[in-house]
Amino acid sequence: MPRKTTIDELLPSRYQKATRKLLHDVDALENDDSDDEAMDSAETAADEAKIRQIREQFVERWTTLPELWLEWIEDEIVNDAPTEYIDELFNKAFSHFRCPNLLARCIQWICEQNVPLEKYDQLIELFGRRPDMGSLLWENYIEMLAMSGTTNKEKVVKHYENLISFPNDALVSAYEQYNQLVDGKVDPKRLTHYQKCLESYKDLVNHQNDWGKWIQDIIGSKDVTFVLHSFEMLLARSPNDAEIWREYLAWLKTTNLQEILTVCHRACHLFVEDVFFWQDYLFQLERFNRPWETLSAVFEEGLSHYHRDCESSSALYRSAIYSRLRYVRKAATGDNAVDYAPVAELFNRAYIDLSERFGAPYFDAECDFRKNYAFFAFNCVGDVELGRKLWREILGSGVANQAKWWIDAVDVERRFGTVEHARNMLYKAVNSVFEEAVPLFDYFVQFERDEGDFEQVSKALKKVNDQLGRINAQQAKKAAQAAKQAKKPIAKAAPNAAPPAQAQAQPEKKRRRPSLSPTDFGSPAKRQALSPEPESSFPEVIIKDKDGFVIPSLPVRLSPRREAPMSPRSSKSPSPSPMSSAPNTASSLLAPVAKKPSPPLPSPASPSPSPPAEPTPQSSSPAQPPSGSDSAVPEVIDPGKTVFVSNLNFKVNEQQLAQFFPKHSAVRLVRKGTNGPSKGFGYIDFATKEDAQEALKRDRDMLNGRPIFISAYSPHDKGESAEFKYSTGIDRTKLFVKNLPKTCSNDQLKEAFAPFGGVVSARIVTQKNGKSKCCGYVDFESEAQTTRAINSQIEIDGRLIEVYISNPPKPKPADEAAALNGPARAAPKPKPKPATTPARGVAPALGARKQRIESFVPRVVATARKPRI
């Protein structure tokens, strides 16, 4: 049979987990009983005992919800449990929650089992003034008394007076019955009080969704019992609302009721994750003079719930430590000295426990615990060395660059230690603080005025003035650098930007140059100035690229000229166009600059990442795939299943790459030509994206003595640069470290920064041959962790490293670089070779080297040489 009880998702997570475990264990045992019909009574009784034991253990540790109590009570009634045991269960259930359903079931059980009427007295004490259930209880009680024949008119009148003395849903009918019993002779004060209760109940109905306003009105009534019952009604309706519990405790603190201890106990065992309730419970136990053993038991129980919460554990330790301190001072009577040993033991236990569980630098991020511990060691125990040790830890945890911590440390040392030690600390402080150091300098000078002689005061003044001068010089240098940086222009104007309106209105001046004769092109001598450029009557054609920038047009040539062959590797050299061979016609002037086709995605036909040469009519056939592939190349390249590998040893072949990537489907190593040597990069295809992602994890693994760079394949158009692998700009969770030992590895770097927090990654920057550049990057989870690392001095292999916030310069895009550097210059034209005359008698087999040498010898001096035999 499925269980009817459901878990409220708004309850604390640990409470939900414990409740689900309880229901699971109970269901498992009950299902075993129902599945085995032949189970004997002894085994059934054993299972019932196990279920009872599980439930008892649960209610001892947790504040149990009314639904769970009702389930338990119903099971015990069905199993014919003793009346005394069921009565005890009802009493425990009412101590957890005074729920209307529990009260109704209890009244029903009283009627069924003929329980003595004295049980009603107990229920009236718990529910007698409840706005929701008080009327039902009183009416049932009056009816039971009438049936028993043990009552008289005076008792009935008194019961009705109690019923009309608090807001409830039966006020009107109860007042009518009461008026009949007293023959209309109602006391005016009682009538006035009845009318107030009637108005209060109307307010309760109107403010059902705003309990805060209604409860404040109830608190103002000064009726303590009714306020208690009203808060219990709210808790029964919303047991998961922590605000109601806090408001309840806040009101109880204004009274002297010991009921607050019960409420604190219930709140702690429902909201076990909220350390506020545990701290309040300890304080209230001390307030009502409970023995220290009771406080210690509550503290240990609360501490058991905070295995992973450093802040809550530290707060609970603090409350227990200072409660213990007050107890030992209170226990010292007369001339007896205070025994601080128990407090010192608790302090030491907290220090060791928190350090081991959460790490020495992190359990006390604000340094409050160690500061308090150090003061206790100085002031109470007189252990100066322990106090100094704790202050050294505080100053070494990243706060040594702040003046206030040095001043606090010197104050304590000056009060409980020695003046000389305090003086040495001040000299260290002056060397450590560079920001907001004036209060420290003033304190230092005043310290020497109070404690030192003339020489010591003079030395302190000189030290402070020298340090202040250095600080001012550094600040002036930084300000000058900032001003210089601010004066730099951000970017030059684009070379083809439109001029202002006034400049456009002025007539454009034409540049004129002399004409060229056709014979001038054949001479290597310096050419004359060109002839003036002919004016065209055709409109100017403006061509823009995909980013909206104007592309400058090529200059118009007036006559044909033989061009030197361009290297296919030069991406800036223009391809042959009709302008270079056609005469100066209108069609040639109007022809736009032809765009080069975008490079295709890297495929077996074009594996090289460099832009391919433009197709020409002579070579229009597609390129062939590189030789040496060990498997078939897919027809369509899926970027998610392909990785790009580079920085390869030139001797690495396809077979070695195939062994390095055992899950590959194709290996495409880019070579020079068809069967030429490797270019040091290539592409690896995989059958699935998961295999490709797994291959990316092997980035920078060694292959033939070189780290192989493995990156995701992200194709891009020609002229666009590939996306940079790492983030640029300032990143306050990443540190840049310098001055690393050459032998430092990634794991060693990560281990060095592990004490400052969760290190996400650490990597050493290496050269292409795998050697370290003695610098690297460390990623943390939060900015606070990077701050602690920066403020600390870190050594690796005895070498002090430098740590900075990562702020690499952002790579400049191609368009921005062009704007900053001005228009791109045309590719240099091939210089004509000087005219040479071959030496007489020199055989052609001697080669071009001798001709190059003799080309610098005048003809009149050059002599014939005999060929070598």
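Keep in mind that glycine also has a Cβ here, set from the backbone N, Cα and C atoms.
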Segment assigned the feature region 'Disordered' in TrEMBL (from 171-210, 731-770, 811-850): 811-850
Local confidence of the domain 'RRM' (641-729) - pLDDT mean: 84
The domain 'RRM' (641-729): DSSP-derived helix, strand, coil residue counts: 16 helix, 30 strand, 43 coil
Residue counts (helix, strand, coil, in that order) that DSSP gives for the domain 'RRM' (733-808): 19 helix, 32 strand, 25 coil
